[in-house]
Amino acid sequence: MSAADLDYFSEDEQREIEAELDTGFKDIEEKYAVTAQKGFETMLVVDNIPIVDGSKKQRLLERLRQTFAKVGAPIEEESIDMPWNAAAGTNKGFVFLTYPDVKEAENAVHTLDGVSFGKNVLHVNRFGDIQRFASMPVGEGDLPSGWKEKEYIEKDYLRNWLGDIAGRDQYVTFWETEVTVWWNGRNGTAEALKGPDGKPVKNSKWGELYLQWSTMGTYLASLHRVGVALWSGPKLDGPIGVNVLRFTHPNVRLIQFSPCENYLVTWSEDPLPNYENHPNAALRDTFGPEDEGNQYVIWDIKTTRVLRTFPGDKSAIGVDDTQSRMSWPTFKWSADDSYIAKCNVGAGISVYELPTMGLLDRKSIKIEGVQDFEWCPMSQKDLIARQEGKGKECVLAFWTPEAQNQPARVNIMAVPSRTILRSKNLFNVSECKFYWQSQGDFLCVKVDRHARKAKSKKATSCNLEIFRMREKDYPVEVLEFKDYVPQFAWEPSGTRFAIVLQAETNLPSVSGASTKYSIDFYQLDSKKGDFIAIKHLDSKMANTLVWSPKGRHIALATIGSSSKYDIEFWDLDFTIDERREAAELGANVTMLGTGEHYGITEIAWDPSGRYIATSASTWRQSPEPGFSIWDFKGQQLLHESRDRFKQFLWRPRPPTLLSKDQIKKVRKELREYSRQFDEEDAAEENRGSAEKLAQRRREIGEWNAWRTRNNDRLAFERENRGKSKAKIDVKGQEARVEEWVEELIDETEELSM
């Protein structure tokens, strides 16, 4: 309506007409609007149904009905409508469900969503929601109101440090509040990690609490009072949400990465409050009312999303002695990140599927009296097979103590089928500990045993129950020891292990006295098929065993003593004969060197197995905080003593991408590669020597130039003042100094009678 048309109306009528025009048809639209949910409140859409042909349609419907009834959302077959693709002769991958009333439909939405159906995971939506989203008034290329489009930022290559030309490893040092990332060079030379500007990479935010690398070295985790930050990329920094990931969990104290770096567990001793009305938006968006009172948070790393939260175990964690009674890690990952499990001591094991975090088969595995469990690791071949859907089931081992007339028992179970693969009865058991070989080939159960009729159940002897996981029926070999075994360690990817033996465990502690141990090395005899002792070391002070990641070399360290800080470096295959296989087992076990690190609290090999680091942390009350780097032969390459030194951490490496054939080829041509590396090392050494010589010559030249300038200036000033250079007579000041040296050649003593 034009302004000319309004001239025929009065001013009041014109105002009413303008108001109606401004309002438009809003009141009419609201009056006659059709709600998308109206009439469809009881109808649901279930997506991700397997695609089948006509011959399997009825069977699929029956299985769907059984699954729905099993999880608590039963429905009649007449109420299931399966759309059909007539051209392809198959279903379309979704079904419509119509329940009798709204209450049952709402129950089905919450019950069925995320349910596993074979290899598929069902997704449930209300039919009205789908209608509403489909009819949203959004133009082409537009976004709904309230949505913000984020600019795409390309992520840096997260494993760029592996491309170092010299093949160097990295490590982190944490001193006071200063954190530095270093390259570990040849002969202990350290070079700080530098950014594109050539300056060392440093971040003041790293040193608030403590640091931890992820399992494959992709992320550096720093703990803060408000949560956890993961840093990645060439500079371990960058845009938030891309190279820097934040996980909000106030007062977090402990974290744990999954083996494949997909998930993260965080724990705080303070239960989560209700953040529904909290002023901090990050806390409101992260946690809901259902998370109140929980202490554990399971995260998806890539999306920084909370998968699930759990309360603390009140039975395992006391109010006054949290640190002494808490067992960490509480949650344990399967090797392929498929499952995460928690031991409910005395009741059972709760296994959760990832990423849905739903209980496996919607119920825990009930195991009366269960005390502990461990997942079986996998070789790279097994992991690839699992990813392709061809691998075997995951495996875990657990143990139950003696109860009434029942013996203690170790069980090996397959997951998800819950099939018991092997059981072994045990007697007079104080405690069991599981030690898996890194490839999952062997499982050693260290059984601490007490005397049969002893009143105290303190362990005085030990059995090693070794299960062979690659053989039929999982045979068990038993090694018995009259002494207590405080330490056990498998050789990575090998068939050898080392143990520490302690003769008497009940001796009173004497001030200044040190406990002596013996150390045994065992190896699988390929001819006899048994594990046999290949070397015995007696009267040793070492109580810690640390194998090289590549096997063969092992370090024996004395940690926790107030008077001894010895380190021994051993080679189990040392020989000058290339045909090592001809030698007897144990004949080549040789000590390469010894060392000492005063106040040592930790020891760790680098991923290459060429270097080993010992550190003394001020957190553990070490008298001389600092760190040292040694080569595998025991030669100390670097030592740094610093007050308030806290952490030394090697950066882990992911598994090699080389196949077995490629590795064999490299080993076959190792001499050629060694010659090339020796030439590069010599060139580097010469370059370093030439640089030092040039620097010294430059410094001497600068000194001589400075001295000449000052002499010329002094002579010029003396001449201007009319003074001549003083002549000093040094002849009169000369003194002759003589030194008499008496040498006793023989001494005779005569006695007069």
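From the backbone N, Cα and C atoms, a Cβ is placed for every residue, glycine too.
Annotated features in Swiss-Prot:
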{"type": "COILED", "residues": "723-753", "note": "coiled coil"}
{"type": "DOMAIN", "residues": "42-129", "note": "domain 'RRM'"}
{"type": "REPEAT", "residues": "142-185", "note": "repeat 'WD 1'"}
{"type": "REPEAT", "residues": "203-241", "note": "repeat 'WD 2'"}
{"type": "REPEAT", "residues": "321-362", "note": "repeat 'WD 3'"}
{"type": "REPEAT", "residues": "537-580", "note": "repeat 'WD 4'"}
{"type": "REPEAT", "residues": "595-640", "note": "repeat 'WD 5'"}
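Below 8 angstroms of C-beta separation, residues 136, 191-193, 200-204, 206-208, 210-211, 213, 217-220, 232-234, 236, 238-239, 242-243, 606-608, 611, 613, 627, 629, 640, 642, 644-651, 653-654 of the same chain, each at least six residues beyond the ends of the repeat 'WD 1' (142-185), sit close to that stretch. With helix defined as DSSP H, G or I and strand as E or B, the repeat 'WD 4' (537-580) counts 1 helix, 19 strand, 24 coil. Nonlocal intrachain contacts for the repeat 'WD 4' (537-580), taken as residues 6+ away from its ends with a CB within less than 8 angstroms of a stretch CB, comprise 486-494, 496, 498-500, 512, 514-521, 588-609, 612, 614, 630, 632-634. With a threshold of 8 Å between CB atoms, the same-chain residues lying at least 6 positions outside the repeat 'WD 3' (321-362) that come near it are 71, 114-116, 121, 254, 256, 258-260, 262-263, 265, 267, 269, 296, 298, 300, 307-308, 310, 313, 315, 368-378, 382-383, 386-387, 394, 396, 398, 415-416, 440. According to DSSP, the secondary structure content of the repeat 'WD 5' (595-640) in residues is 3 helix, 23 strand, 20 coil. Taken as a whole, the repeat 'WD 3' (321-362) shows an average pLDDT of 87 in this prediction. Per DSSP, the secondary structure of the repeat 'WD 2' (203-241) breaks down as 0 helix, 14 strand, 25 coil.
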